[in-house]
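Novice: Okay, so TrEMBL annotates it like this:
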type	residues	note
DOMAIN	B:20-438	domain 'DUF112'
TRANSMEM	B:47-71	transmembrane segment
TRANSMEM	B:107-135	transmembrane segment
TRANSMEM	B:147-180	transmembrane segment
TRANSMEM	B:321-342	transmembrane segment
TRANSMEM	B:354-381	transmembrane segment
TRANSMEM	B:388-406	transmembrane segment
TRANSMEM	B:469-489	transmembrane segment
Amino acid sequence: MDIKLSSDFLTGLFFCSLGALAIIIGSDYPIGTAARMGAGYFPLMVSSGLILLGGILIIRSFLTETEEIGAIDVRPLLLLIGSILLFGLLIEDWGFPVAGLAVVIGARIAGRHYKPLETALLAVGLVGFCLVLFSYGLGLHLPATRLW
Amino acid sequence: MELFNDLLLGFSVALTPANLLYGFLGVLLGTVIGVLPGLGPVATISILLPVTFALPAPAALIMLAGIYYGAQYGGSTTAILVNLPGESSSVVTAIDGYQMARKGQAGLALATAALCSFIAGTLATLVIAVAAPALAEVALDFGPADYFSLMLFGLVAAVILAHGSVVKAIGMILVGILLGTIGIDANTSLERYTFGIPAFGDGIDFAVIAMGMFGIGETISNLGQSEGGRSFVKEVHGLWPRWADIKRFIKPALRGTFLGGCLGLLPGGGPVLASFSTYALEKKLSKTPGEFGKGAIEGVAGPEAANNAAAQTAFIPMLTLGLPSSAVMALMIGALMMQGLSPGPQLMNQRPDLFWGLIASMWLGNLMLVVLNLPLVGIWVKLLSVPYRMLYPAIMLFCCIGVYSINNNALDVMLAAIFGGFGYLMKRLHCEPAPLLLGFILGPMIEETLRRALLISHGDPMVFLQRPISLSFLVLTVLLLVVLIAPMIRVTRQRAFEESTD
């Protein structure tokens, strides 16, 4: 079957699945009546609306030519997201300096023209600067890295 | 006389050394980040938002307003010097501003932008001081049904903000509303969509979504584009305009202020519409329309005044009705809620210090922009010459620290990362993140007012049509929808935005 991978089609699919997922997860929430709404009433309304809009988009994608999705830059997407996730994983057990170095180096690798020495200097400089500014300057609580 | 006393109260709040310092810091930080190409006011405010959470409410709002003006002005600087508008409202400034800069008039263009923004800011602040209390008075009579219809109207109007497809924009609003239902339901104390994670009980922090979708998502988009040879104007001299220049730009600035001030009041109108329509107006009024696009000072003065005036008057519906007319105002409402305040007509009576302090600091913020930015223009130029590959890792680090410091919760950082990826992918699908944020902020209020309205009417939906205020908002909403869907207008709207998305 010829499914045009138009942005309308994919967006519609996404809206429909999100709406359906919300309805399935929320199926235990009591609906109640219009006068006394339960926790499930409003989410059900919104999810149904989302499925309706998704349906319109899917139908429209078969009827008219729509914009194609542009190229997705996988490298910055995965590496940048990955390095921020890494920051989240490291910050509590390993402390801010380690997590900070990880996110700067990871983010730098995500871009083009990666140079190891420049990146190392940038990472150390930035983390040092933030440590002074946020930890000592603004008194923000950032977990410390213990070297033992 | 009462106005005078109120303003005096405002200045007494805004002029305390601490608040003055926070305002100054806000303007400075806002400009520093706003100058960076590719980061508009929304991204700048999202990134800097957590810095303000620890402050007392007036200081936090004053600082945020400073960040907003700074970011907006920083965007104009980039537009003039690099021809790279950081946000859609300075797209128009780039047309003639960059041409002026190439002709060696960079200093004049920057000074014109700053002075016209200041003129517009001063007048618009006065308008807020007069109009906001009156409007708040009216809004006190609003019942839940009226609020519901008002917010529906606000959301539909916000669709104008989104580029491209109306259906997708409404869909993004619904996704935002759905995200807003995460957490413990206030009425029945039942957990919704928390997946058993205790941290989700209070719902997702809006700063996490804002920073993820705007800060991180935009950076991914920027990395995908080639850095390429950006040619920018490094020579800035002749900063002070001559008398002849002032005579040329004063009238466009005043016209821009008026038009921008009116358009800023409309939900969804905002700075973008203001700057585009003022540019068109000035071109029509000009005796030498051929000069436009080749470095006409009127083409910088009018739109800059207009977008600043609109940026200011957008505070009126936000402060008096609790209705955000743009993503920036949604962020402001979020910041207010973080401080435990609910924006709306009661705000002015409950916290007059905050209300009038903010208004006074708006004017001070504009003054600081002129005092700060013109002498420091050399530094902004230097900042522009720092390559992007050195800047964005720093921005990512600030984002991480910012998100983490909201609750000292590592989960927030990971959520922000996920929203960053989500925001980027949705952008590739031509879905804008701004409507989602608006939906997320307004969602809980919509649910609350809907429930209360129907509880009062014993479940009868006709209540929305019986109350005159509610009915008028619903009629306006339907009219807007008709206008949006009418094909002819859709084409022109697309054309207007095509220029801005390049």
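Quick reminder: no glycine exception, Cβ is built from N, Cα and C everywhere.
Just so it is clear, the model here is predicted, and its values are computed rather than measured.
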Novice: Counting Cβ pairs under 8 Å that are 6 or more apart in sequence, does the total for the transmembrane segment (B:147-180) and the transmembrane segment (B:469-489) reach three or more?
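Specialist: Output yes: the transmembrane segment (B:147-180) sits against the transmembrane segment (B:469-489).
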Novice: Which stretch, B:47-71, B:354-381, B:388-406, B:469-489, tops the Cβ pairs under 8 Å count with the transmembrane segment (B:107-135)?
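Specialist: Against the transmembrane segment (B:107-135), the leading stretch is B:354-381.
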Novice: Counting Cβ pairs under 8 Å to the transmembrane segment (B:388-406), which of B:47-71, B:354-381, B:469-489 comes out on top?
Specialist: B:47-71
Novice: Could you tell me what the rest of the chain brings near the transmembrane segment (B:47-71), counting residues at least six beyond its ends with Cβ under 8 Å?
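Specialist: Those are 13-14, 18-19, 22-34, 39-41, 86, 117, 121, 207, 210-211, 215, 308, 311, 328, 331-332, 334-336, 338-341, 351, 353-354, 357-358, 361-362, 365-366, 368-369, 395, 398-399, 402-403, 405-406, in sequence order.
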Novice: How about long-range neighbours of the transmembrane segment (B:469-489): same chain, 6 or more residues beyond its ends, C-beta under 8 Å?
Specialist: 141-143, 145-146, 148-150, 152-153, 156-157, 159-160, 166, 463
